[in-house]
Amino acid sequence: MKIAKNVVVSIAYQVRTEDGVLVDEAPVNQPLEYLQGHNNLVIGLENALEGKAVGDKFEVRVKPEEAYGEYNENMVQRVPKDVFQGVDELVVGMRFIADTDIGPLPVVITEVAENDVVVDGNHMLAGQELLFSVEVVATREATLEEIAHGHIHQEGGCCGGHHHDSDEEGHGCGCGSHHHHEHEHHAHDGCCGNGGCKH
């Protein structure tokens, strides 16, 4: 079976940054399973998989615009500390989910000053070209329910135990996808800008 829209695909992969740093992988014995054609992977990888079959191995370089986008300076904001309600200590690297006009947005603290902090809403891989090494492990026809929902169904939830909540970008899992699993804190009203952040 060739990979095409509405085919469920299992892939083993490694993904590295331009400087060779391994940022994610799924081995053959624990492959990533997804539904093709529903934006469950970064678009550059999904396009490269189109027409492939079980046993195919390949490498593909994915430009930022077909991965996690270019780095956007407008996604970096300085906000007052007092909007982070219920957080005892703010430190660089803390992650929050900000409720914005465009929906939930993951942000990370990149600087902490006396009265304010800098938060960055860019994806950690924004602006980077990614190298994927991929092997197609299995394919099957999707169920009507999977097609209707736009993602696979399996015991334990999406991708082996994760729930169906997702960020604004998609429903997949793993670095090759857009799924977001950081739920430590929640920010409200525009990237922690107006209302506040809380657990």
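From the backbone N, Cα and C atoms, a Cβ is placed for every residue, glycine too.
The Ni(2+) binding site annotation in Swiss-Prot covers Cys173, Cys191, Cys192, Cys197, and the record cites sequence analysis as its basis.
Annotated domain 'PPIase FKBP-type' per Swiss-Prot: 6-95, in sequence order.
Taken from Swiss-Prot, the feature region 'PPIase first part' covers 1-69, and the record attributes it to similarity to another entry. On the 0 to 100 pLDDT scale, the model's mean across the region 'PPIase first part' (1-69) is 96.
Residues or ranges marked as region 'IF-chaperone' by Swiss-Prot: 76-120.
Counted with DSSP, the region 'PPIase second part' (129-151) comes out as 6 helix, 12 strand, 5 coil. Sequence annotations record features per position, and here Swiss-Prot assigns region 'PPIase second part' to 129-151.
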